[in-house]
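Engineer: Have a look at this one.
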Amino acid sequence: MAAEIHSRPQSSRPVLLSKVEGHQDVVSAALLIPKEDGVITASEDRTIRVWLKRDSGQYWPSIYHTMSSPCSAMTYHHDSRRIFVGQDNGAIMEFHISEDFNKMNFVKTYPAHQNRVSAITFCLASEWIISTGHDKCISWMCTRSGSMLGRHYFTSWASCLQYDHETRHAFVGDYSGQITLLKLEQNTCSVITTLKGHEGSITSLWWDPAQRLLFSGASDHSIIMWDIGGRKGRTLLLQGHHDKVQAICYIQLTRQLVSCSADGGIAVWNMDISREEAPQWLESDSCQKCEQPFFWNIKQMWDTKTLGLRQHHCRKCGQAVCGKCSSKRSSYPIMGFEFQVRVCDSCFESIKDEDRTSLATFHEGKHNISHMSMDISRGLMVTCGSDRIVKIWDMTPVVGCSLATGFSSR
């Protein structure tokens, strides 16, 4: 079923520890079991499986359970050993897993949505199961009674979810590229604000309650850091992926952000430095460098008897410029641009060689990644995707493995 790849040689890249194979369709979610050598997977093939590492070093399924509908989302609460599985038909099913991880008992079904469940979180303190779905809503249900407590609808599919257990704030990303911040109450909710910055659908969210930072990944290949707690409205843009960002995880101990994209790219971003916020793009009817008119500026074209030019923007200063005045390209990692972007000629001259030093490391996962999860305490990561393969990675060579980071030796 699964092969041990190799042990942990010292390197500066993720170490592939194991491949787990056996699902017959897309693996929609994979979660590492804390303090255990085990993985829980849910798949479009309608199965949920628990894989335990045997003495041979291979992962073998100890639980194999078939659901009534393809599995689309999953969460696991280790202290209570409860698994919640969202399905394509909109239902969420709860199971309780035995201490030896060899048996799983059905608890109840929650009619949470009318369409595919996209994300789930469980709050033990309030006994709420909170979820989003393709029926354009967030719902929260009582796990004691199984009854619906409240729903809130959006204008497009709700694609991802993060929840602050202490303040009962929920962050919901949707297919329109918008993130909505809600305050959930027992039977109602209130919209606090909406965050707009992405040019594509929101594919992943990560909330860090300690620093009150929200990270969002999107189909526009970019990541935005939103400073919710401190400098209100401050955003940082991170661009280094070449496909949609499917999953993100912020490691608060080391101030690093791990992100995975659909093309198999794995990035580790250094967030422990003072980064610059990308400027707002300025609008102008003519180039702000040479003053030549843009093609919609009919009056100036007529007055100067010249053809209008196409408008571009310098990524460093935000000025509206023509192609001739922005002929150079440069990376500028301190502003999040890890690959070369358009800059005006004067900004190009101001960027020193040391300013181009990368502030992220990029690695190849070598499979289509649709979901990623980390066990930060052990420095382990699991990825899965449409190739039906689950990969377990040792991330400590990339994110640090000293005792100061909290990673324990295995």
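Numbers run from 1 along the shown chain.
A Cβ is built for glycine as well, from the same backbone N, Cα and C atoms used for every other residue.
Not my notes, these are from TrEMBL:
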DOMAIN    281-352  domain 'FYVE-type'
REPEAT    20-51  repeat 'WD'
REPEAT    195-228  repeat 'WD'
REPEAT    238-279  repeat 'WD'
Engineer: Can you count helix, strand and coil residues in the repeat 'WD' (20-51) using DSSP?
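Structural biologist: Summed by class, the stretch gives 0 helix, 19 strand, 13 coil.
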Engineer: Over the span of the domain 'FYVE-type' (281-352), count residues by DSSP class, listing helix, strand and coil in order.
Structural biologist: 19 helix, 20 strand, 33 coil
Engineer: Limited to the repeat 'WD' (238-279), I'd like the whole-number average of pLDDT.
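Structural biologist: Average per-residue pLDDT within the repeat 'WD' (238-279): 92.
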Engineer: Where DSSP helix means H, G or I and strand means E or B, what are the helix, strand and coil counts for the repeat 'WD' (195-228)?
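Structural biologist: The breakdown for the repeat 'WD' (195-228) reads 0 helix, 21 strand, 13 coil.
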